């Protein structure tokens with residue numbers, strides 16, 4: 001077997017330009033550099049499946065990256081990303097310069113985990129043209145360690161995560177089951193809690209007045225419910241795999257009065273080209289294909305593999321009003337807080353802080369990253385006092401782990417990736433609920449929300465249910481708080497590892513001198529905040545700045561960006577120049 005494995009490894013040699021490094025979401029690079037990495041990941045995940053005697057998964061996707069890129073996301077039996085204890089092994093294996101060295105790494109894994117043959121690996125891919133050849137490489141890697149690679153499926157990333165989790169729990173796990181779970185929960189929520197029959201359980205109320213900060217914990221902000229009003233949502237599908245999946249869902253949603261108008265559906269235009277959630281967030285602009293959309297309309301944007309979601313409102317004369325992941329998290333927390341207010345003072349389950357009463361019995365938290373707008377954090381602290389705020393480094397694995405520590409954990413990155421997690425104890429308690437009860441509502445929400453990973457479809461259904469349940473329009477949601485103006489920039493660098501961070505990536509450890517300069521620059525800016533962190537997927541350094549005005553935020557971001565070359569020279573020979581990818585409106589600051 002060793003000779004055969006070595007021979008297979010030599011069929012997929014490491015490209016001379018490839019520099020694989022496990023980032024916040026697996027490996028990612030130009031597609032032509034990936035065959036070796038994907039083959040080795042196939043072998044790795046087959047051995048992980050064999051070691052745990054459960055099914056694992058691989059998704060071939062580069063999410064919001066351009067069409068010419070691709071990547072590989074590794075799915076653990078729980079449906080989460082690959083356990084962090086295996087990330088080092090993944091790096092060592094994929095970075096091995098020769099087939100012989102890679103075989104040694106695989107042998108070490110086998111011996112450490114006492115595994116002789118690989119297990120079963122589910123495969124999925126998005127719509128990129130390089131998907132087929134890379135899926136073949138993954139399948140070959142699985143087979144090379146005597147594992148079983150199932151036929152690759154065209155899926156959104158969160159679908160495969162959900163399917164792997166369900167399968168290992170002994171539950172129905174097909175794509176049809178996925179749609180039945182999410183859409184069925186949404187249908188039950190709307191019919192049970194947004195109908196005339198549900199009005200008897202709730203008191204009417206009104207959303208806050210514009211600019212007025214009201215606490216949902218207070219008596220003047222009571223519970224409410226409203227009928228589900230028919231809505232049309234124009235969805236930018238990034239010309240990616242999510243378009244076909246939303247098309248399937250829209251057929252059932254139309255029956256409930258939720259009309260999905262698909263734009264950038266892959267029939268014309270490039271993947272993530274001037275569209276998609278990453279573009280909308282970074283450029284603060286409408287995606288391509290939205291010229292016919294009426295200003296003031298309800299719009300949403302997902303990314304290329306449908307694990308991110310943002311809402312936005314196009315304006316006639318000025319860009320868009322963005323409702324990002326921070327806003328989705330606050331909306332979710334507001335809804336959950338109202339639901340919890342409707343339950344008895346004491347929970348029936350003694351596993352929740354025995355002897356306590358009120359909302360304190362259910363530990364609910366919001367997990368944010370350094371990119372969370374400071375205004376959203378302040379709002380949660382001031383107005384959602386029963387909800388704890390926790391900050392973690394950027395990356396799904398960090399947020400998911402922190403959210404899982406709560407009875408109900410909400411995590412959404414500002415970029416729109418996130419979900420709501422319900423702990424096993426919480427789910428057990430919710431199963432005691434009766435029809436129409438607060439327990440049933442939370443139980444249905446746990447089925448609506450993908451418990452494995454962030455999911456654009458799941459998130460869209462959450463937003464529409466929450467707004468309908470609360471009787472809010474987009475403006476009511478917007479009026480909860482006013483975002484501080486911000487600016488994000490990225491600076492190409494030859495080696496991102498020079499930059500290391502601490503305090504949930506909000507401060508630099510190295511270069512230490514640069515952090516001192518950031519501090520002095522922030523000190524003279526009203527409501528100023530700025531941090532620098534290395535990208536998890538490419539050799540760039542990201543700069544984020546906030547201030548009381550957009551002009552000050554732009555200047556602060558630019559000031560810090562210009563300091564970076566002094567501490568790590570910019571690779572100016574990159575395609576597009578040293579400041580490739582910067583908004584044109586900001587390049588003037590550099591000359």
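Cβ coordinates come from backbone N, Cα and C, glycine included.
All annotation found in TrEMBL is predicted automatically rather than curated by experts.
Among the candidates 63, 535, 549, the residue that TrEMBL names alongside 303, 305, 307 for the Mg(2+) site is 63.
Residue 307 (Mg(2+) binding site) has its Cα within 10 Å of the Cα of these recorded positions: 63, taken from 63, 413, 542. For the recorded Mg(2+) site, residues 63, 303, 305, 307 set the reference point as the centre of their Cβ atoms, and the other residues of that chain within 8 Å of it by Cβ are 61, 64, 126, 156, 157, 240, 242, 277, 302, 304, 306, 308, 417, 456.
Against the domain 'Phosphoacetylglucosamine mutase AMG1' (224-309), the recorded stretches 52-84, 324-472, 521-562 differ in Cβ pairs under 8 Å, and the greatest number is found for 324-472.
Residue 305 (Mg(2+) binding site) and residue 542 (substrate binding site) have their C-alpha atoms 22 Å apart, to the nearest angstrom. When pLDDT values are averaged over the domain 'Alpha-D-phosphohexomutase alpha/beta/alpha' (52-84), the model yields 97. Of the binding-site residues 534, 536, 534 has the largest number of other Cβ atoms within 10 Å of its own Cβ. Look at the domain 'Phosphoacetylglucosamine mutase AMG1' (324-472): DSSP puts its residues at 72 helix, 20 strand, 57 coil.
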